[in-house]
C-alpha cells in the first residue's frame, strides 16, 4: 500500500523527464549523439532492471541475459525486416519469444543452484549466439541489416512499462514470495510457497523485458551481429546489477546510467577506455562493497529524511 | 470421526544408498495430542520430520494425513494440506522484516494473481491489506508486534525462535512439527517456550509433534513420547513409561555391565 502512494509521483516525474528530453530533441538543442546515448541508457536500464528481478529479487544467479537480448533483437528484426510489420508488433514479439525462451531454459535449469545455474545459463546464451551465427537467413556472422526505428519515445515508454511492472511485481505477495526464495529456499518451501513456480515466473518476466530491450537495441544500430551478444554482454548487464547493489532496483537503474555515461564518454579515449572503466568498477567495489545502494532504495532515503532520528525503529 | 487419527505413519522408511536412515517407522497422532520424538544424536529424528513434510520421499511405507496419502507430495503442497514445521537451525528470511516473514506464510491463503498485482487492480489492494492485517494480528499473539519493522536477523535468539514458530503457525497448520525449539535457550527461555507451546496448542486447536533433547521440556509437556534409535522405533509410551523403559535407558546411557570380572 505504501508503494501505491509513490505511483503518481513516479508517473509525473516520468512524464516530465520525457517531455523535457523530447522538447530538447525536437528543438535540436541536444544532438543525435546525446539522444542516442539517452536511448542507450534506457535500453541498459531495462536490461539491468530485468536481470535485477532474477538475481536481486529471486536470488537466481543467471549470467546468460545476453541470450535473451539476442532472441529479442533477432526476432524483432525478422518481424520488421522480413514480415514488414510495425515496430510495436516487433517489440511485443521480441519480448514474448524471449519469455518463451526463458521458460524453456528456466524450467529445467532453475532446479540447479548457485554456480551450476550460472554455468547452465551461460551455456544457453552461447547456444543462442551460435544458432544465430549459423542461420543464413539472418545473415550469419556478417549480421543482419535493420532499419533505425528506435526513438526516444519508444525507448522511454518501454522503460516506464518495465519499471512499473517490475516494481509492482516486487511489492506484492508474489514479489515477497520471490524474495523468500532468495532468503531461504527450504524455509520458503516449508511455508507453502511453490518455489519452482516463482523462480520460473521471475525468470520469464526478466527474459521478456530483456527481449523488449533487444528489440530496441537491434533497431538502434542499423546492423546486428551475433558477436554483439557474447558472454561479455551478459557480464556487462551483470555488472550493472552487482554494482548497483544486489536487491536494489534504484541501484540497478543508477549504475546502468552511470556506467553507460562513463562508457560512452570514454569512447573518445579508445586506448585507455577499458582501463578507466575497470578502475571505476574497482573503486566503486572498494568504497561501496555492497554496491552503490546496498539493499536500499531511493525511496528509503526519502523516509530517512522525514523521520528525525534517522528512520528505523529499534525495539521500543 | 472421533477415533480416526490425524496422522498415520505406516511402516515408513528411507534409504540413502545403502544406509537405512529410518526404517519401519509407525506412528499415530490423534487430533489435539502433544507428542514428543526423542532419541540420541543421529537416530533419525530430523529425517523423520523431513519425511513427514515432503522434503524426502519415503522409499517404503505410507504417510496418511487426514485420510489422505501425503508422501510424494512436494513440501509446499504438504504445508498447504496442513503440516507446518520449524527448523533445528533457525531458517528465517533474514533480510526481511519480522512482519514480512509472517506475511510469506500467509501467501498461499491470499488469492490475487500476478496480473492483478502488476496492474494494481482492486483485488490486489484488498488481498495485500488482508495479509497485512492478519499478519499484524498474528504478531500480537506472540507479542512480536513491537519488532514488526525490524529485520529478522536483528532479533535476539529467543525471539527468532518465537518468530519461527509464529511463522509456521501463520501457514494455518493442523499439525505442527517443532524441531528442537528449545535448542540454545536458557532455563527461563525454555520455561517461557513451554508455556507458549501449551498456549498455542489450545488457541489454535493444534496437534504438535516435538523433537527435543531437553528432557525437562519433553517430560513436562508431552503426553506421549516416541523414542527413535538407529532409525528404528525403540519405544512408545507416556513420559513415565519412557523414563523407566530399559531399552531407552540403554540407548541413552549404554548397556548395564553385570560382571566386570568376566
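Cβ atoms here come from the backbone N, Cα and C positions, even for glycine.
Summarising the annotation, TrEMBL assigns transmembrane segment to A:6-25 (among others).
The transmembrane segment annotation in TrEMBL covers A:37-57 (among others). Counting only same-chain residues 6+ beyond the ends of the transmembrane segment (A:37-57), those with a CB under 8 A from a CB of the stretch are 21, 65, 69, 150-152, 155-156, 158-159, 162-163, 166, 169-170, 175, 178-179, 182, 202-203, 205-210, 212-213, 216-217, 220, 237-238, 240-241, 244-249, 252-253, 255-257, 259-261, 264.
Marked as transmembrane segment by TrEMBL: A:63-80 (among others). Under 8 Å from some Cβ of the transmembrane segment (A:63-80) lie the Cβ atoms of residues 47, 50-51, 54, 86-87, 89-91, 93-95, 97-98, 101-102, 105, 118, 120-129, 132, 138, 144, 146-147, 149, 206-207, 210-215, 217-219, 224, 226, 228-231, 233-235, 237-238, all in the same chain and six or more residues away from its ends.
Among the features that TrEMBL reports, transmembrane segment is placed at A:87-110 (among others).
Per TrEMBL, the feature transmembrane segment maps to A:116-137 (among others). Within its own chain, the transmembrane segment (A:116-137) is flanked in space by residues 60-67, 70-71, 74, 82, 101, 105, 109-110, 226-227, 229-231, 234, which lie at least six positions past its ends and keep a Cβ under 8 Å from the stretch.
Feature annotation from TrEMBL assigns transmembrane segment to A:149-169 (among others).
Here TrEMBL flags A:197-217 (among others) as transmembrane segment.
The transmembrane segment annotation in TrEMBL covers A:237-266 (among others). For the transmembrane segment (A:237-266), same-chain residues at least 6 beyond its ends with a Cβ under 8 Å from one of its own Cβ atoms are 37, 40-41, 44-45, 47-49, 51-52, 55-57, 63, 65-66, 69, 163, 166-167, 170, 182, 272-273, 276-277, 280-281, 284-285, 288, 290-299.
Counting C-beta pairs under 8 angstroms (sequence separation of 6 or more), the transmembrane segment (A:6-25) reaches the transmembrane segment (A:149-169) with 3 or more such pairs.
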